[in-house]
């Protein structure tokens, strides 16, 4: 985990607080978590089994820190006539034990120490094929669905948020093919700036954008129970891009004007050729008439 900002981020479990130090190992972290489980929050989540055969209801449960959790499935009053209904609890595809909280409710209790206990838990009423699913997960991170569009030379600001939950640390990555590359602002201070705008918001600034900065970026939030990611797309455009429609229009105008000019040129040339041909025909006709006149005159003289 790469902690941004001042070393004032704290890990809180129950009512006890311990400061995350750079030398805190995974084993020490788990040990600290186990020692504080007695003071961890205890929460009960209940689901009413639906009254329609072959249906299932789902419930999302968000956990950002160690906790003791009880999940309960309660039989709908429509099925109270059933005697000793059989209920099966599973984690994924693995069947797990449960206990009857009341005659028509079945529960399991979990000690969530780390991300290995997260996942989907389900209860199914046999014979009726009615079930409920509990999805235990770390807080989701909101990136940005639509791409951020900037131009070369500009500064891009990408934002990730965690609503209602405070991450221990934020980390930014850039995708290069199938590989995630860590963005280390301390090594590239002239290119990247990472700041924690508030307890649950992080900003990544990319300075002096170039076409090579175009791509996908991931923000990763670290919580006590695991990590969550958000995705942001960055599109870097050249200054020629907004000019392309204008240039296309100019090109169309030039082509149109050229066509009109050539049409006028050839029309006038054709008209001129037609006039010259007409004049030539008239001259030839006059010559022919004069020649015929002379021949007729000579014939008359010979006749006399």
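Positions of Cβ are set from backbone N, Cα and C atoms, glycine also.
Per TrEMBL, the features are as follows:
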type: DOMAIN; residues: 50-135; note: domain 'Ig-like'
type: DOMAIN; residues: 139-238; note: domain 'Ig-like'
type: TRANSMEM; residues: 246-266; note: transmembrane segment
type: REGION; residues: 271-304; note: region 'Disordered'
type: COMPBIAS; residues: 271-290; note: compositional bias 'Basic and acidic residues'
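When DSSP labels each residue, the domain 'Ig-like' (139-238) comes out as 3 helix, 57 strand, 40 coil, counted as helix, strand and coil in that order. Helix, strand and coil residue tallies for the domain 'Ig-like' (50-135), in that order: 6 helix, 48 strand, 32 coil [DSSP]. The domain 'Ig-like' (139-238) scores a mean pLDDT of 90 in the predicted structure.
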